[in-house]
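Quick look at what TrEMBL lists:
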{"type": "ACT_SITE", "residues": "A:49", "note": "active site, proton acceptor"}
{"type": "ACT_SITE", "residues": "A:60", "note": "active site, proton acceptor"}
């Protein structure tokens, strides 16, 4: 069993959904984001999503755009992100790590080399925002060979028949983009989610993570119950950004994010 | 000239004009690299566009607006004084700057707005660089009473003030984008973000032959009216096809429009002129084919200015309409198969050509097509006097007089 399967199986036994926090690699610098990454499991992260900075994040709102710019300024590259995952795996071999980013840095690295190196580094899954099913053959075979899950995205605009098409060969878990919009803006209501999830579960038996617009413990609890996991990204990055001085980390940075993470984690455990 | 209806004609299967394939690809270029949220919309758009193509009523409607509203056909002008000054090949201008709103942009916008109306969309978003596409879009939205939001880089808002004011007059909301360098690339990102957040009622009216399939194909089809007219007009004027066609390239819609009907005429040389900015090797350039490599941005695979890690670099050009780090995927393909040539022209050379054109022909060209003219000025003197060059004068230069004055040290 992969780390992702093992983790979701364990949570099912516990009878609760997962909390998946997000951090942008090298935001605001390599050491701070590695420190945060290493501390996240103890603060209640069940899986962790690492954003790979890209110059043109066209599906992201202002918060993650700014984080990506800080990461790039601090020297983030795909190679550096893999280095961070390797460092994390020295102390944690169980928490699943999923990279989320855009296609061009992967394309530039080389799809086959990237899948191999990412798996070697200890990455479990990848989410490529601008690679729909129609273009996924670019990575599919390489990812499968390396043992990486390509996490499929589905959206409110994905029709029932298209859900079957998109999720036919999905693995790991399914990421439900719960609003039509960019990250960190609107939020889906519990009623919206109650309506959407049965539609998705018809098409897949994989766990469903819900993301985009989840910021409060209450929202995280709701999403983790209706779905199988809640992804919290912009809200954590906002907290991190509020502790920075001239774009640099301060001693408040890591504790502030972890404190918020703990309250989110407590909510999915109630 | 009655033939304004050919942009939608279909070529033979073994022709260079038959692309893209059903995945929206020209060779390895093109495709549909967008978030899942947008994917169903692209499929819906593709379906709507095919239905429009097959509907004679759509053709009739488009022809009507092209003739009586856009003002087509545009003339083919023999630039006699320029020809004499250059002392070589005969130079013709395809006068797209005479279209309503002053550029070739309205050809595409008119086609797409009719598609959007067929789809029942009530709100239009668009990106713009120099503002020509924004003005054209705001114009048809005024004509048809649709809500219109234009994203424009903050830098471009500053250097294209007249066009910003025109868009306001036309009732459009202009949103300055401060991300990145505040140019066309950033405006494109922001327009895509708006679209994804407003999918139910909003149509994204792409201004060039780039973006996810079917945009590159659809925009090319609507712009091909340019080349179709040139073919007919040149045959009337000279009894034969031109030897060389030259067009400036940002995303590449005016070039694709004049090139496409000639792709199977192997004797016609096609030259796309990219903005070299300060110079191809200065790092301050917008020449995606000359100095970029293939990658994925804004929904398509194409030549991009990018660093070795796949981060997109800022383009540079004196011309806001060419200031983009990518190029339409069909151009990337035409470059790789050797059917079209792509060269660079610097800011300085374009400024010089801008003045030559104004002085010799009494035509103030947009800085975009001044780049094309600068290349014509290089090659015409090397060609025989019975050879023929056609330059696509894709827009008029009124919008650029402030930029030109600034560079010439004149205070307006």
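Glycine residues also receive a Cβ, built from the backbone N, Cα and C atoms like all the rest.
The local packing around residue A:60 (active site, proton acceptor), expressed as other Cβ atoms within 10 Å of its Cβ over all shown chains, amounts to 27. A straight line from the CA of residue A:60 (active site, proton acceptor) to the CA of residue A:49 (active site, proton acceptor) spans 15 Å. For residue A:49 (active site, proton acceptor), the Cβ neighbour count at a 10 Å cut-off comes to 24, with all displayed protein chains included.
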